[in-house]
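Q: Sharing the feature lines straight out of TrEMBL:
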ACT_SITE  491  active site, nucleophile
BINDING   364, 395, 416, 464  S-adenosyl-L-methionine binding site
DOMAIN    54-114  domain 'TRAM'
C-alpha cells in the first residue's frame, strides 16, 4: 500500500463559518460555472434546472460575494432568486454594486462598479499595482483566507464534478488540508514582461497619459486585454535580482538615442516584443543567477548593445539571450536564438538534482514549493525503493518528476509532446548521470492502438497534464492498463475532478467502467495571491 501523505495545516479547516457552512445550492452553483467557464474543457458540463430569473445586460445589481469560484472570481447570488453571478476581483463578504456585462447560459458576469462594504479578512496589498494588474487578484485578502478558499473550492469540485460523496465515512480522510506556501512573495523564478507603444492607465489616471517614447510601456497585460500593457517597475513575485534588472532596463530603454521601438500588435511593426527574466542558482555557491531574454521581431544586436552593456554589469546576470520571433502572435518563444552575453543556460537544484534551464525550457515556476510538491508525489507513489519498479511518467515535460524518482526505481519512461522539452529531459538525465530514464516524444491526446507496447507494464503511473486534463483516449488506455497506482498531478481542479470521476466511476454513456479508488487528494498552493491551485491525487486499483 502506498503511504498517504498528511501534509497541511489543520487550522485551515477552522475560521469563518462562510467557508464551512455553504448552503447546498451555493456549492452546486459554484461548481457548474467552474467547468463551463473552462475554455479547455472537452466535455459537456452539467446543466442546471431552468431559472425564471435572468438579469439583463447593463443592469446594475447589489450583490454580496459568498465565495471564490473558478479563476478566482467572486461568486454571488441575486437576492431572492438564487441566480449565480460571477465578478472579477470581488472577495468573500464584500457588498458591492455590479453591472451585468455578459450572460453565459446558467449564470452571468458582472463588473464591479462600487464597493459598499469591504470583504472579510482584508489586508493592505503591498504591491502598488495590485488593484490593476491581473497577476495578483487576491493580494488584499489575508493569506490564511486565500488558502482556505482554495481548499474549499477543490472540495466543492470533487463533490459536484467528481461525484464523490462527502457523506462517505472515508471522505474526510481522503481530502487533505491544503499545503500553504511558506514563501508568499518573490517566489517566481520566471516572469515575462511585454513591451507596448502606449501605457495602459486606469480610468482615474487617464489625465496622466503621455505621448511618444514617454508613453511606451514595459510591464504586464491589463486583465482581459492582449494589446494593453500596465507599466511595471517592480514585481513582488519575482526575485530581487530580477527586479534590479527590470529597473535598470526601465531606466534607459525609452532613450531616443538608442533607437529602440516597442512592437505594435495592431500594425505589426516595432522591435522589442518581450522581456523574460529567469532566476536560477549557481550549483557551487547556491547564489542566484539570472538569464535575461530579449524577444524581438528581428535580429539587430547593435540595437540591444546599450542594454546588454548596462545589465551585464549586474553580478547575478550570467546569461543574456535574444530570441527572434517574426510571427504576429504574442508568444515569447523564438524561431532563432542568439547568445549576447555569458552562458546559454542557467542551473537550478531540485530534490538534489541539477537542472539546466534554457530560455524556452519548461521548469516549475516556484522552485521552493516544487520541493514540497515533488516530495508529495514521491510519497504518493509509494515506491519500495529496491530498484525493481517501472514508472510511466505522462506529460513529463523536462523530466523533473521522473528524474527525481529514478534513483529508487528500475526504469522511468516519460512521454511529452514538446520536442524541446524532451531534449531538455534527456540532457538533464545525462547531466545527473541517470541512465535508467527514457524520454519519448509523443502526443498523448492522439494515442493509437499500439501505445503501451514500447514499455513494460508500469507499477506506478504519474500523470501531470496541462489545464485541459486527460483526453478520453488516454483515460481508456489507463483503465485498460490497470497499473496498481496512479499519481495524478493537476493544475486545474475542475478537469482533475472530472478525470477522477472517469477513472473511479467510469463513463456510463460510453459503457466504460472505472476501476480505481481515490485514496487521497492533496491541494497545494504553488502560487500565493493568484487563483491557481495544484492537486496531488493518489488512486489505487480496486
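The chain as shown is numbered from 1 upward.
Each residue, glycine too, has its Cβ placed from N, Cα and C.
Please treat TrEMBL annotations as automatic predictions, because they have not gone through curation.
Please situate the listed features within the shown structure.
A: There are 17 other CB atoms within 10 A of the CB of residue 491 (active site, nucleophile), with all protein chains counted.
Mean pLDDT of the predicted structure over the domain 'TRAM' (54-114): 91.
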Q: Across the listed S-adenosyl-L-methionine-binding residues, 364, 395, 416, 464, what is the farthest Cα to Cα distance, given in whole Å?
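A: Roughly 16 Å, rounded to the nearest whole number.
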Q: Excluding 364, 395, 416, 464, which residues of the same chain place their Cβ within 8 Å of the centroid of the Cβ atoms of the recorded S-adenosyl-L-methionine site?
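A: Everything else in range on the chain: 362, 393, 396, 397, 398, 400, 401, 465, 489.
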Q: Rounded to the nearest angstrom, how far is the Cα of residue 364 (S-adenosyl-L-methionine binding site) from the Cα of residue 491 (active site, nucleophile)?
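A: Just about 12 Å between their Cα atoms.
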Q: Which residue, of the binding-site residues 416, 464, has its CB surrounded by the fewest other CB atoms within 10 A?
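A: Fewest other Cβ atoms within 10 Å, among the binding-site residues 416, 464, is found for 464.
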